[in-house]
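Working notes, beginning with the structure itself.
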């Protein structure tokens, strides 16, 4: 798995070289741009780990290369259009766009970049009435529609078709998908079940919204409120999901008691009814939990997590032989516009009928939402009884259904196969919802405004007094940002001079090429950077990598123009290539030196505290220098005491996956061994690692700041909470 991102990282180097050459840059400039990719610490780090960013960057790079080559074909003139090479680069651009968006939806920004440049090309062609007839213009339009829309969409959908063919077994992510989707997976299909639901049926109820968990109860009590038995939403099939549907009153067996004076006791009384009475719209019912002999119950107590006044607690209440009370009674209200078929709108049918369960005593509706219970609730989803809750979160349906008195030939139903398009659209919705839901702050997240200036990075791994921390090469990073700023300043000045009819564009071909070529790259940077300001979800430094790639292109192009193409009056470097070579060598050499200074964070190599503190230029660069030993000799002693271990780079490679935004359930920050100021545990010979305190932005707080904040703010544990004891060599001591 690590080979793929490594190969992608390697391929981005020749892609940069070829792109700059296609953009008209000299070989020296193209080699410089490619070398900057080689020695960019952030790109190196993400290429060494199993992450999506390396494939995203390479396909973005391939798109930039193919589009630049197509632009060269386009600029040859209308008479060269529709030649084989013209078609090849246009179609290859579409293929690369499809690959980019298939890796991450950030590829949509790449599509927007190509789309805007395509619109500009078509606009220019529309004005060329001499060489481009309306028929030819529409031919250009439809060629671009096919290559830049149809091909990417087809490629994107083909990737999901392959995905559905290969991934046919259930997994941890099943709970995000609908029951129809899950039924297409191996061992997740369901046998046909009776269509009609009757009193006495053993049913399992699924929530219509929030990925369709099952109504569930188990032999554990709420720690607060009524302290009665928990009722939750559980994503998997389980015997604790089974309930008996009871009428509000016990039935009468007329065959045994013709007078009708004696009702049949017990929750299984309806098993004696033949034929069983069907459950209809408006029926008054109780739900008896089979495994714990309790009934679903609600009352005027606040739920343990959602303590709003409009929400009541839902519990399982009673005991074996208990006849129940008035707070166990609910009314079935079928939601007709969501139910499938005329019969499903009048009586409850398995899968087809969608309904609400309204509590008679309080008027609230059985409700669930995306709120998880704490550890005492096993992280299962909260179920409440809501007054005025949203309709989608208040809707339920029957999935499992059995009754001893239903005939063998009774009508049966099952989930309909959604087909490829149904599964495809559902997966897109789930991906969108899941990504949009990643709004909780993270210890290592950052906002877009901090990315161009490299304000902070991401802690990926820390162990054995080494650390992997994602941080870019500051020299390359800041130089590329400066290049973008230079172009923005140039463009502002050019617009002002154009408004004053200075004629720069008409007089100078170099001026026009500088504006268009570098403007194309800066536009790519802008499309891959500014949309992140609109996102409220978790964001990290690695989201800037596609924009960084375009910024490096911009820097290289500006370098090429200034050293080989621009003349300012009589001053020019075009005839002095030695100066350009020296400048390239000096800048590349400085970049290599800076790369070496921060390389231990990229590779997880040995480092010392003094070396770490020397290159830690800002407090927001929050890797922990106390992780490292004071000198390299201590690493030898540590290795000798720990026994033969893997090489440092292997340790980094096989460390835990980093806590990135695209994997929220694994967002655990592992505190590196040996934080600042370890406390000595008396008479033990070991040290106790202190808890790290961080603010809402993930910045590390020192002891003085913590003491100042005590009593004024509340501290909550969000990540690693385990106390570790370590000896003087950093080895963990187990009690």
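From the backbone N, Cα and C atoms, a Cβ is placed for every residue, glycine too.
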Listed range which TrEMBL flags as transmembrane segment, given the options 141-165, 166-190: 141-165
The transmembrane segment (141-165) in contact with the transmembrane segment (111-129), cutoff 8 A, at least 3 CB pairs, sep 6+: yes
For the domain 'MIR' (276-335), the number of residues DSSP places in helix, strand and coil: 3 helix, 26 strand, 31 coil
Helix, strand and coil residues within the domain 'MIR' (345-401) as assigned by DSSP: 8 helix, 27 strand, 22 coil
Across the domain 'MIR' (194-248), average pLDDT on the 0 to 100 scale: 89
